[in-house]
Amino acid sequence: MTALSEIFVPLHRIIPFSNVEGQGNRSSIFLQGCKLNCLYCHNPETIPRYTESAKLVSLQYLYEQVMEAVPFIRGVTVSGGEPTIHHKKLVPLFKALRSQGLTCYLDSSGFFEFDRVCSLIDVTDKFLFDLKGEGIGLQTLCFDRKNQAGIVPQQVIPERLHIKNDKLERNLQNLAALLPLNKVEEVRLVFLKHFFDAEHLVGKVAQLLRNYPDVALKIIRVHSKGVRDEAGLSAYIPSVEETNALSAYARQCGINKILTIL
């Protein structure tokens, strides 16, 4: 077995103590790299897999950083970027941390290939699972890798689909697969207008969460501060009333554990 000191990942930053990245006080590790290019991304500097500001560190370094925070933490949450692109490398780290009684969470966009990531899923206690939306508007919202500047186009629903439908649907499919495994802590939806039908999506999520009342739905009203095209995105920000109405609709659909962030 390869030693932790011989496996390296690109690190964006570490927060030793955080109470917003899952249950209890946790250490949060932000890795570099994401296959998506979401227009509302507030950490676009983490999208490239390697940058001058990111450090290439060993798993042993990460393990030691986390262990320094014990006994003041319950576990660790690995975020990004998108942590599942490092799935093979994270498995030995999670095994080592769990052997010390720590829980291991993943903060994920949910667009990973489930079968390829199974070994990491097996050693992950919980997912903080992002829902990006649904339908062809996702192509513009999250999948236009050529739009490096993150400029919001005038036409957000594309006339032609360049992404395969199965890739667009992978988000919900992965959520449906993780729920029976008791692997989901919360589902998060960033709510913005016109890119997708938010009520229709919430209805689908309600069907999935029906038998999992302990899984929270977090509805987050998008904001433009810190995004790459603040002026362009501002036209798609829902009002407080619209956001509260979506939360009320989610409750009407049978979801009881809802957190609305305005």
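Each residue, glycine too, has its Cβ placed from N, Cα and C.
According to its DSSP assignment, C38 ([4Fe-4S] cluster binding site) is coil. The [4Fe-4S] cluster binding site feature in Swiss-Prot is assigned to C34, C38, C41.
Swiss-Prot lists Y40, C41, H42, G81, D130, L131, K132 with the feature S-adenosyl-L-methionine binding site, giving similarity to another entry as the kind of evidence. The Cβ of C41 ([4Fe-4S] cluster binding site) lies under 8 Å from the Cβ of I47, G150, V227, R228, each on the same chain and at least six residues away in sequence.
Per Swiss-Prot, domain 'Radical SAM core' is recorded for 20-262, and the stated evidence type is sequence analysis.
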- Would you kindly give the Cα-Cα distance separating C38 ([4Fe-4S] cluster binding site) and D130 (S-adenosyl-L-methionine binding site), rounded to the nearest Å? 12
- Whose Cβ lies within 8 Å of the mean position of the Cβ atoms of C34, C38, C41, the [4Fe-4S] cluster site, other than those residues? L36, N37, Y40, N43, P44, T46, I47, S109, C142
- Counting every protein chain shown, other Cβ atoms within 10 Å of the Cβ of C38 ([4Fe-4S] cluster binding site) number 22
